[in-house]
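Notes for the one structure printed next.
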Amino acid sequence: MVETFLGMVLNAQEQLLKVEAGNPEKLVSYGNAVLNKTEKLVSTLVTPTKTSYSLNISLNGLELQVFAVGPEASMKEIPQLSVNSTQMEIDLIQISENNKGSAAVAFMSYSNMDNMLKPSFFNTTDNDTVKTMMSTVVSATLPKTNNTRLTKPVNFTMKHIEETDPNGTLSCVYWKKTEWVVDGCYLVQTNSSHTVCSCVHLSTFALIMQTKPSAETSDFHLDLLNTVLVSVGLVFLSLTLLTFAICRRHLRMNNTPRINLCISLLLAHLIFLLTQSYLNYIQPLEMLCAVLAGVLHFLFLSAFVWMLIEAVLLLISVKNLRKIRSKQKEVLGWKCLVIIGYVIPLVVVGVSVGLFPGGYGSKQCWLKMERGFNYSFLAPVCVILSVNVIIFVVILFMMRSALAALNSSHSQINQTK
């Protein structure tokens, strides 16, 4: 029964994250409600015991462990609880001695809580730093225990979920209603994969890293150069489309691939330029950021597919060099080409969304690196480039053969004369 209610709370949390993604203040309020409701539900799992027992529950978005001791419990070592690669050491025996021999502790790990209680709520004097959540959010409580005073600090061993920056500063923090603070928590030791935190009270904890903005993201000249180059590209792409529009009556060849290639690149570069220019305003709107990333994924893939179509059409044209008349029927009509040029990238994007819905919307509003999601773009691009190289080599051999045949025919004509 408790697991069912916990599942309902977690499902409501996921829905709220989708609806209120752009409203951090409401997310904080909902996050506090989820924490309180979860702690109350978990407390109902605690039952009286004479010795000791441990209970583990794993749900989508939550892992928890409840450990209880009774008057007849015999433990020589401090118990260690573990949830989702995070360990907690708490002197429960000493706490039980202050509670007539009985005590219980609940340890919970939330997978999505960092999206509600964001690291940007870390209260520091330096507001210019970039704050990154380095661990899952965990909570520890003493349910159905009257005297909750700790006799010894509680130690947490937290696994890093992001790569540490050598120049970054790690902080062990706990959640205080509306912000992350360090009061009563301090860092004991750390390495490349784990950090040990020690706290003198129980609450909701996390590990946050502060870093200075990198020179790449803050370099004005680099941003200016990027803007200028993309803008120049937009101008020439626009001129190319204008040229096709003006001269369309005088062009006998099929320019569908070239026109759609220009359209795809024009839209992709325009959206990219606007996204990067207003990135600070778009980043907090996670849904918008993810949608823009998906659109860019589609447009850039479309551009590469149109490059492939153009290469195939060029191969067919070279193949027909030996013939007196070109068989236009061998080439698909412009409607079929448009369907191929846009359906293939649409299918790739659709499959990518189906396999990993959260893959869009990185810090730069692009594809995330998690679970190799960036290969949903790199893999098709590499395949298309490889095929284009093969087609290029084939065209060179065909051109060489056609020119040799042409020279042979020219020699025969001269001999006949």
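From the backbone N, Cα and C atoms, a Cβ is placed for every residue, glycine too.
TrEMBL lists 53-215 with the feature domain 'GAIN-B'. When averaged over the domain 'GAIN-B' (53-215), pLDDT in the model lands at 89.
Look at TrEMBL and you will find 222-417 tagged as domain 'G-protein coupled receptors family 2 profile 2'.
Among the features that TrEMBL reports, transmembrane segment is placed at 224-247 (among others).
As annotated by TrEMBL, transmembrane segment applies to 259-279 (among others).
Nonlocal intrachain contacts for the transmembrane segment (291-316), taken as residues 6+ away from its ends with a CB within less than 8 angstroms of a stretch CB, comprise 254, 257-258, 260-261, 264-265, 267-268, 271-272, 275, 282, 330-331, 337, 340-342, 344-346, 348-349, 352-353, 360-362, 365-367, 376-377, 380-381, 384-385, 387-388, 391-392, 394-395, 398. Marked as transmembrane segment by TrEMBL: 291-316 (among others).
Annotation source TrEMBL lists transmembrane segment at 337-357 (among others).
The transmembrane segment feature in TrEMBL is assigned to 377-399 (among others). Counting same-chain residues at least six beyond the ends of the transmembrane segment (377-399), those with a Cβ under 8 angstroms from any Cβ of the stretch are 297, 300-301, 304-305, 307-308, 311-312, 314-315, 318-319, 321, 345, 348, 367.
Same-chain neighbours of the transmembrane segment (259-279): 223, 226-227, 230-231, 233-234, 237-238, 240-241, 244, 292, 295-296, 299-300, 302-303, 306-307, 310, 337-338, 341-342, 364-365, counting only residues six or more beyond its ends whose CB sits under 8 Å from a CB of the stretch.
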